[in-house]
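Reading through the structure tokens given below for one structure.
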Amino acid sequence: MFRSRVVALFVKGNNKALCSLRGTTPSRVLKEEPFRLFSTGITRQCLNSFRSLPKGHYVPSMRNMSTVTSVGVESKEGLKLLVNGGPRARKMVGIWLFGSAAWVFSMVILGGITRLTRSGLSMTDWKFTGGLPPLSDEDWLLEFEKYKQSPEYKRVNRGMSIENFKFIYWMEYAHRMWGRALGIMFAFPFSYLLCKGYITLPLGLRLSALFGLGAGQGLIGWWMVKSGLEEPTSEYAQPRVSPYRLAAHLTSAFAIYCGLLWTGLSVVMPEPPSKSVAWVHGAAKVKRLALPVSLLVGITAVSGAFVAGNDAGHAYNTFPKMGDTWIPADVFDMKPLIRNFFENTSTVQLDHRILATATLVSIGALWWSTRKFETHPIVRSLIRTTLSMAALQVTLGISTLLSYVPVELGTAHQAGALTLLTLMILLNHTVRSPSPSLLKSLTQASKTI
């Protein structure tokens, strides 16, 4: 009898909310499914606890419950969404942004294959808009003659057949055109969504910056390739692109990818997964630990670009020692000292080994430290997955080194670096702070219950 009175009083003050949730009348809810109202925020334990209260004291409790329910429904009030137009528009923009991020991911993989097959210097000129590939034998001979004037042909590929030249040319051409296609694929939907009014000003500014960085990526790529078309300073040195420019090109691609991924997540998931104040506090603790680990993952990835730029993977193909020693004797041979960390093959590889090991240890420490934190199950799952990916990435790196950098393993190792960075982005986005409105509603709910 007491329980039915409580339910009746609650429904009386919340008819509209229950009707909108269930699409039916309050009387039908009471008659058929009275306990479906748990979905509005009331737990079975709360109702059971009311049975022990004196008869005259249940009305204030019901008012508090009503307040909590209304706050829960309006928890997004005051939250500044990045997309106008409701859930459908957010879904549309999110798919577009995730698709663009996946395209950039594929660009990084294709760029790695282009570098590992030594195809990047096959095209000796560049146009911002691009152009058609050679379509006749005469066109191919003309391009081949241009390549024969390059230092790479004279010092590395002298005597190359035109069939082999066609392979490396197609690789570089595909990489360039894939990047230009990404620009078109990004620009047209952006213009459409902007005209529809879905893009807010903050989102528009962020996406414009990413588009500008993507357009500049083509210029950075040519700036990098141009350094490999110059005569090396030493007659014994092989022509290759500047490690600084290669690192800038790869870091820029990583930055574009991370920006697109973070923005897409912010569009489709405006609030972090938080169902209690305890989970919010646990996420804040994870965030303090995850941020420095993410920075270390990023630095390790950039150090890998210097390994690639100096062809350091082809030296010291042993592990854990570098040859017969732990630390090569020539790690500080270059002057000034700072050059060794970017141009000395021994130092660059040693740095990457140390950073990779530190990354694996730090992610392991992150998992160990957060085991007993009260957090959302998604956070726990992400941390475990990140630890597994870090272990796999180190295994790929060692295997690539011991196998003298085959194209397949080298490509997988580069993809692994971006995958690990992806997981860290997901983790940091999931443990970010909730909006003040959501935090307020969670606080009120915890006090009431």
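Using the three backbone atoms N, Cα and C, a Cβ is placed for every residue, glycine included.
Keep in mind the model is a prediction, meaning the values are calculated, not measured.
Per TrEMBL, these features apply:
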TRANSMEM  93-113  transmembrane segment
TRANSMEM  177-195  transmembrane segment
TRANSMEM  207-225  transmembrane segment
TRANSMEM  245-268  transmembrane segment
TRANSMEM  289-309  transmembrane segment
TRANSMEM  352-370  transmembrane segment
TRANSMEM  382-405  transmembrane segment
TRANSMEM  411-431  transmembrane segment
Checklist outcome for this item: Sequence-distant contacts of the transmembrane segment (245-268), meaning Cβ under 8 Å and at least 6 residues beyond its ends, amount to 82-83, 90-91, 93-94, 97-98, 100-101, 104-105, 107-108, 111, 115, 203, 206-207, 209-210, 213-214, 216-217, 220-221, 223-224, 227, 298, 301-302, 305-306, 308-309, 418, 421-422, 425-426, 429
Checklist entry - So, does the transmembrane segment (289-309) come close enough to the transmembrane segment (93-113) to give 3+ Cβ pairs below 8 Å, pairs being at least 6 apart in sequence? => result no
Next on the checklist: Please identify the stretch among 177-195, 207-225, 289-309, 382-405 with the greatest number of Cβ pairs below 8 Å relative to the transmembrane segment (411-431).
Outcome noted: 382-405
Item to check | Contact set, same chain, for the transmembrane segment (382-405): CB under 8 Å, 6 or more residues outside the stretch | outcome: 116, 286, 313-314, 316-319, 352, 356-357, 359-360, 363-364, 366-367, 370, 412-413, 416-417, 419-420, 423-424, 426-427, 430
Item to check | Long-range Cβ neighbours of the transmembrane segment (177-195) (under 8 Å; 6 or more residues past either end) | outcome: 92-93, 96, 99-100, 103-104, 106-107, 110, 129-130, 204, 207, 211, 214-215, 217-218, 221
